[in-house]
């Protein structure tokens, strides 16, 4: 009796060793395709596999019989060839239709990634500079909040001042819905240039602002639009050059937010008492202008859009929420942002209300962001080894525990407040750095821009409401209510991220995901 036939996956490469843009679906983070075998009960068992147009392929012998392997359905690809088993010597039939790639939101593409190299790491450096401009300011918001509340806006309520920062964050993430599809189709060059220009101008104009509406227009609206244009390209460009090491590379770039959060408060601590707010803002604008140079030079894309694909709709892709994993992850981001920006915005004011000097309390924000730097690198390295969702669940739990165990009872204890700042900074830093790589694990690489922006659109409503809610709670119920609001938000975020993991891989805590 002749041996049973087997089907084989063929891996093909295009120019410069990069796999053809249409590849075998693979839900893991590896760039190598699994060797699936179909049920060979039929004498003509075949498997559709992707190839680059015009290339020749040859089947590879398999060492194991298919009766010991589970049945795997063929995947649909844009350009395909039916490959018979290795024992079949008849002619092969080819067809190369112009088909659009069909994928679910959780599918990934088998594409070769450089995983480094000079160009790849220069992209990471450019992203670092862009994130330093954006997240360095976001992580320094407590300094601006404390200064505004005692100077230009001393007659405004905490909730009204909170709208300045929440509106800024809302625009950063919500406008990203429009930026994502444009980045997917046209790349990063023009988007990054305009974003850097707007952030620089916003700080320059802020130096002349004395009224509430002026600060809203410059800091919140103009600065938020600039941040929105930088956010998606800064993360998305890394996804074009890294796959297996994406968590590590993104972690390196996202340390910029923590580094900026350390440097900017120290700079403002030295400048505000000496040269005043006006010139301090202009110095920050000059720093942003310097960071714009490497950001514009090095941020770029590599993977082309799908064949014949036009610019996607700029509106959110609500169809992705049919995937329970993506829906839970997006809601997890929402509640995580709800809990995150309350301490980032109010921790300096908390210290001042509990007896610390206003200028010296700026250092507390530097401690928080110093912990954030480590939190963006070390968990990123660990995430590539034990799973990105596994790590973000652990770090969200750290934020929850430190809020209840350290910040809530801290009071006038400076040492306990410093311990909270460092540990919360570590946990929250990894939250920010791992969000894009976790979401990227649930979608096709070339659709990352739109799907990431869709999730950020959901999160933007969290950032829009969190700081004003915190301000209202502060005015009405005091600091205990503010701290509990942040901690409960983290508890809900933890539940949603855990649900995402369970939907994807089940309850086994040892599964890498």
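These residue numbers are counts, starting from 1, taken along the chain as shown.
Just so you know, glycine gets a Cβ as well, placed from its N, Cα and C.
What TrEMBL says about a protein is an automatic prediction, not a curated fact.
TrEMBL lists 1-103 with the feature region 'Disordered'. The annotation compositional bias 'Low complexity' is assigned in TrEMBL to 26-45. Per TrEMBL, compositional bias 'Basic and acidic residues' is recorded for 93-103. Feature annotation from TrEMBL assigns transmembrane segment to 121-141, 161-179, 186-206, 212-235, 247-267, 279-299, 326-352, 364-382, 389-410, 416-439, 451-473, 479-499. According to TrEMBL, the domain 'Major facilitator superfamily (MFS) profile' annotation covers 325-513.
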Inquiry  = Three or more CB pairs closer than 8 Å, sequence separation of 6 or more: does that hold for the transmembrane segment (326-352) against the transmembrane segment (389-410)?
reply    = yes
Query = If you count Cβ pairs under 8 Å, which stretch among 121-141, 161-179, 186-206, 279-299, 364-382 touches the transmembrane segment (451-473) the most?
reply = 161-179
The transmembrane segment (186-206) in contact with the transmembrane segment (389-410), cutoff 8 A, at least 3 CB pairs, sep 6+ = no
Ask   = Between 0 and 100, where does the mean pLDDT of the domain 'Major facilitator superfamily (MFS) profile' (325-513) sit?
value = 87
Note = With the greatest number of Cβ pairs under 8 Å to the transmembrane segment (279-299), the stretch among 121-141, 212-235, 364-382, 479-499 is 121-141
Task = Could you tell me what the rest of the chain brings near the transmembrane segment (479-499), counting residues at least six beyond its ends with Cβ under 8 Å?
result = 324, 328-329, 331-336, 338-340, 342-343, 346, 350, 353, 389, 392-393, 396-397, 399-400, 403-404, 407-408, 466, 469-470, 473
Message = Applying the under-8 angstroms CB criterion, which one of 121-141, 212-235, 247-267, 364-382 scores highest with the transmembrane segment (161-179)?
response = 212-235
Ask   = Excluding the flanking five residues on each side, which residues at least 6 beyond the ends of the transmembrane segment (212-235) place their CB within less than 8 Å of a CB in that stretch?
value = 127, 130-131, 133-134, 137-138, 144, 148, 152-153, 156, 160, 163-165, 167-176, 179-180, 183, 188, 191-192, 194-203, 205-206, 250, 253, 295, 299, 436, 449, 452-453, 456
